[in-house]
Amino acid sequence: MADTASGDAFVAFERVQKSYDGETLVVKDLNLSMPKGEFLTMLGPSGSGKTTCLMMLAGFETATHGEIKLEGKPINNIPPHKRGIGMVFQNYALFPHMTVAENLSFPLEVRKIGKSDREAKIKRALDMVQMGDFGGRRPAQLSGGQQQRIALARALVFEPELVLMDEPLGALDKQLRESLQFEITNLAHELGITVVYVTHDQTEALTMSDRVAVFDDGRIQQLAAPDVLYESPENSFVAQFIGENNTLGGRIKQKSGETCVVELDSGEVIDAKPVNVKEVGERTLISIRPERVEIDPEALGPDAHTLKAEVKEFIYMGDTFRTRLSVAGKDDFIVKTRNRAGQARLQPGQTVHIGWLPQDCRALDA
Amino acid sequence: MTDATASPDKVTGPTPDNAIRDAERESGPMLAADGTPLKKSLARAQRRQKMRALGLVAPLLIFILITFIIPIGQMLFRSVENQIVPDTLPRTVEAVESWDASSGEPPSQEVYSAMARDLVVAEGLKIHTRVGSRLNYEAAGLSSLFRQAGRDVDETGEPFLDAFEESNEAWEEGSTWVSLLTTEEYQSEIAEWQARSDEVGRSFDEPAVDVAYREGFEEALPRTTDMFSDFAYVIGSEDGESPLEEEPWPLVYLSLYEDLEANPEAIELFEGEQRALVEEAMAATEGMGPYDYRAFFEEIDEEWLEPDIWETLQVFSGPYTSGYFLSAADRELTPDGVERVPENERIYGTLFLRTMYMSLAITFSCILLGYPVAWLLANLPLRTANVLMILVLLPFWTSLLVRTSAWKVLLQNQGVINDLLVWLNIVGDGNRLALINNQTGTIVAMTHILLPFMILPLYSVMKTIPPSYLRAAKSLGATNWTAFWRVYFPQSVPGIGAGSILVFILAIGYYITPEIVGGEDGVFISNRIAYHISTSLNWGLAAALGSILLALVLALYWLYDRIVGIDNVKLGG
C-alpha cells in the first residue's frame, strides 16, 4: 500500500496509531513517506482520520503509537512551535486584533528577526500572494479569498520547508477556489516547499497534488498519483470515492493473470481486469467509469463487451449527456456521452446496447 | 401623476428614475417617487413601526419610570433642597436677611420677634423640631435649642395677655376676638363648623375655615390679623377647635398692642362697645412696651444671643442649598465663603478614596482569580464545563447574608483560617492574624461575592475565541506563553473590560458585606449613606453623597469609554 522504505524521506509516518478515548482507533497503522518538495493531499470523507494525521504532524495531537519523522528525526516529543512547520487553517485563523502586516510579522518576531529583515520578508510574502497593498488592513476588512491569501502568506513568511493546509479553500466559492488552487500549486512548486494538504473535495485533490492519499476508516486506502488513482483504483472504496463509478455485483468464475471472468448477479458473464480479487468463487464488484461506456458499442471494436440496457432517464447537461440505464438488474447505471453533432438523444423506455473494453472493467473487492 | 399614455421616457414629472437622476445631477437630497425627500419619506414609513416598538416597551418603561427613576430623582433632589427652613421660619428668614453677621452683635428685636412668631406657629403644628434637626446638621446644638424654645415660646407676650384680661374679662373669650376682627359671614360659618366638630368628636377632619377679616383690618392691624389667622389655622387643623372657644396665644394680644402703638388711628376701625373694650385694654397696657423679645429668648437660653446661630440661619435660609454637597466634600459654608472643615471632622474624602481603591483592589483580585476559571469553563469538554459552571453559579443561589456570615466564621480571630494557621505553626497563638473587621476582610469577602460577575462575561467572550488562533500562533513558532499573551489575551480584553465595569460598579456601591465584615476601616461610602438614611436621618447629606457616587461612576464609565471604547465591551456573542 505505502512504501515504508523511509530512509531518505522528508516526512514519514511509521506505524502510527491514534485513539482519543482509548477504545477506538481513529488512525489505524498509518505508514506514509514523502520526499522533499512533494505536494501530497490527504483525501477522505469526514471522520476518516485525515485531519487527525495532519494535527499529529503539526504537533497539536500526539500519536498514541508509532513514530512521526521529519528529515529522519522523530518529532513526537517536539512541541508544535519548535517544529518549524507552516500551517494554513480552514477558517484562516488570522489574528483579528492585528493588521495584516502584524499578522505576518508575528512568526518573524517570535523568531527574533530584526526589524528591517522583517519588513523585507513581509513585503516579499505579501507580493507573492498579490496582496502588497493590504498590509495596513485588519482581517475583518478583507474578503474570504483575500483572507486566505494572507493566511497563506503568513504560513510562508518564515520560510518553512513543510507547509500543512487543512481544507484551506473549504469556505470559498467555486470560482475563487479554482483560481486559488492554481495559485497554491504554483507557489508550492516555485518555492520548492513540501505540502501536506487535507481536503474532502476530490477535484481539488486530483488537480493540485503530486500524490493523493485516500483515507477511510483510519487507513490509507490508496496512495498514488491522481491519474493512477482515477484510472486504476485498487479497491471499491477508492473507485467509489474518486469520480463517478458504476458498480455491478458478481462472482469470479475464472481467473488467469490479467483477465478474469465474472458471472454477474443477473446471470450474464463478462470479462474483467482482476485488481483486488484472489480466488475463484469470491464475490466481487465490477467497476466501470461512466465515460468509458459506449452506447454505440460497434465503435469499440471486436473486444468490447455488450450488454442490453433500458433507458430510464436522460439528462441534458450542456457539454455532456447523462443517461441512466437499467443494466443487469441494476437501475443506477450511468453513461456519460459527449454532446457531439448528431448524437442521438435517447428516450426513456428505449432499449439500447451498451459496451465497454474489458480493461476498463475492474474487478474489485466486494 | 402624469398622463398614463405618455411615453415613460418623456415623463418630466417626478418618477423614481427621474428622482434619482435629479438627485445625482444636483447632488441635492434624494427624492422619493412623489417628490418628497427620501429621508422624510423613510421616516414616515418607519414611524408606525417605531410606535409599535414603543408600545411594546411602554409598560416596562412606565414601570421603571414610576418605581425607579422618579423616586431616585426625588431622593437626589433632596441633596439641594432646603425648603423646610423658609417654609417653617418665613418671617425670621425675611427679617434676618438685613442683619449684618460681621457686626458680632445679636440681631435686632425685629428678628427675635419674627422668630417668636414662627416658633409659636411651628410648635403649634409640631414641626419646630424638624427645622431644628435640619439646622443641627450645619451647627451642632441647634436641635436642642429649638426643642427647648418650642416648649417656652408660647409664653411670649404673656404680660400683655394678663394686662388685657385684667382690664376686661371679655378678653379671655375667643369669641370676643372673633367678633372683634372678623366678618359676620365668617362668624356664622365658624359657628357651624364648631357645631359639626363637636358632634363628630375626635375624628373630625374637616379643614379649618380661613379667617375673613373686616374691611381695612388687614391693612391697619397687620401683625394681629397675621397672628390670629395662624392661630385659627393651628387650633383648627391640630385640635379641631375653633377660635370661638379658645383663648388666643399671648402673641395675639401683644400683636394687637404693637399694631395700635404703631398705628393709633386704627382704633377708628372699632365701634361702640368693642371700641371701648380695646381702648380699655390699651389704657391698661400703657407704657408696658415695647416688648423685649431678645430678653425673652435670653431667658429661655443664653445661646440665643450668640451671633453664630443667626449666622447659620442666615446662610441656610434659601430654598436651595449647597450645604449638603459641601459637607459631603468635607467643606462648610461660612459667611466668609466655603472653607474646609477642621481636620478631625474630614471623613468623606477619605471614605470616597477608600471606596475607590478598595473597589479597584476587588476588581483586580476578581480578574486574577476569575480569568483562569473562565478559561477552563470555555475550554473544558462540555460535561465538565457544565459542572464547573454550576459551581460558579452556586453562590448566586445562596443568600448574600449567608455567604458573608460564612466569611465571618472563617476569618475571625478564633476562626477556621486562624486556627488552621496556628495548628500548622505558621503563626503563633498569641499573634493571630486580623483578617476581619478591616480592609482585608472586606476585600476577601467581596472578591468572593463578586467573582461570578467577572467570570460570566469573561467566559462568554472566551467562548467566542476559536482554539485555532492558539494553534495558529503555536504553528507560527510562538511558545505557549507568547501565544497566550499576544494572541489569546488581547482577544479576551473585551471580557475583562465588561467584567471589570460590572464588578467595579457593583463594588463601589456595596453595602451589606462591608457592613458585616468591614469593621471600622473596611466600610465604604455606601455604609455612610445608609447611616444617614436610617440612623442620623440626614437624608439631604445621604442624597448628596449618593449623587457624588453616581457622578463618580458615570465619570469613570465615560473615561473607560474614551480609553477602551464601550463597543469593545462584550457580555456575550
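Cβ coordinates are placed from backbone N, Cα and C, and glycine is handled just like the others.
Summarising the annotation, TrEMBL assigns region 'Disordered' to B:1-35.
With a cut-off of 8 Å between Cβ atoms, the residues of this chain six or more beyond the transmembrane segment (B:53-77) that come close are 539, 543, 546-547, 550. What TrEMBL lists as transmembrane segment is B:53-77 (among others).
The feature domain 'ABC transmembrane type-1' is assigned by TrEMBL to B:352-560.
The annotation transmembrane segment is assigned in TrEMBL to B:356-378 (among others). Same-chain residues lying 6+ beyond the ends of the transmembrane segment (B:356-378) with a Cβ under 8 Å from its Cβ atoms: 385, 388-389, 392, 439, 442-443, 446-447, 450-451, 453-455, 458-459, 462-463, 465, 492, 495-496, 499-500, 503-504, 507-508, 522, 524, 552.
Among residues of the same chain six or more beyond the transmembrane segment (B:385-402), those with a C-beta under 8 A of the stretch's C-beta atoms are 373, 376-379, 448-449, 451-452, 455-456, 459, 512-513, 516. Under the heading transmembrane segment, TrEMBL lists B:385-402 (among others).
As annotated by TrEMBL, transmembrane segment applies to B:443-461 (among others).
Long-range Cβ contacts of the transmembrane segment (B:493-512) within its own chain (Cβ-Cβ under 8 Å, at least 6 residues beyond either end) map to 355-356, 358-360, 362-363, 366-367, 370-371, 374, 400-401, 404, 446, 450, 453-462, 524, 526-527, 529-530, 549, 552-553, 556-557, 560, 564, 568-571. Residues or ranges marked as transmembrane segment in TrEMBL: B:493-512 (among others).
Non-local neighbours of the transmembrane segment (B:539-560) in the same chain are 75-82, 134, 137, 321, 323-325, 327-329, 348, 352, 355-356, 497, 501, 504-505, 508-509, 525-526, 528-530, 532-533, 566; each lies 6+ residues outside the stretch with a CB under 8 Å from one of its CB atoms. Taken from TrEMBL, the feature transmembrane segment covers B:539-560 (among others).
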